[in-house]
Amino acid sequence: MLRPEAFVSSRESLDVHSIYAFEGTIGQGGYGRVVKATHRRLGVQRAIKIIPKRDNAEGIRNEIRTLCELHHPHVAKLVEYFEDAGRFYLVQALVDGPDLAELLGAAVNDSGHTLPERQTSILIRDCLRAVAGCHARGFVHRDIKLDNFMLSS
């Protein structure tokens, strides 16, 4: 039986920039930043989380191992990762929609009304399922906020 981590490749000997063309920052947080990138040969767009190693490189490696095993419909899939002397690069599926903060802001700004109750309950349920899926694998997200819940279109 293949283990989930068999599908996620580590590219410690390759330069991430030789594989992906970085197109700009799409998010920033205390943990690092996220850039939009395109695979140079395949043309596939991805989100790449860039995390400085700082003092906790082994802790980040443990998180990478956890993410390799995390397959959840509401969590962006880890495709591969790269590592150089100073950073980790986590390549994930690019979610093509707005984040939850943008959605809620647009709903209020456009109409002056809130989202319908049914739509709100589905969003909350899916967010909680994503967090529960992470916790079930021992992964604790330390920066839960509306901006970190991406919505597919």
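For all residues, glycine too, the Cβ spot is worked out from N, Cα and C.
Each residue of the domain 'Protein kinase' (20-153) gets a DSSP state, and the totals for helix, strand and coil are 48 helix, 39 strand, 47 coil. Per TrEMBL, domain 'Protein kinase' is recorded for 20-153.
The Cβ of K49 (ATP binding site) lies under 8 Å from the Cβ of Y31, G32, R33, V34, F88, Y89, L90, Q92, each of these being in the same chain and 6 or more residues away along the sequence. Taken from TrEMBL, the feature ATP binding site covers K49.
The active site, proton acceptor feature in TrEMBL is assigned to D143.
If you look up TrEMBL, you'll see K145 marked as SUMO2 cross-link.
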*List, in sequence order, the same-chain residues at least six positions removed whose CB sits under 8 Å from that of D143 (active site, proton acceptor)?*
G29, G30, Y31
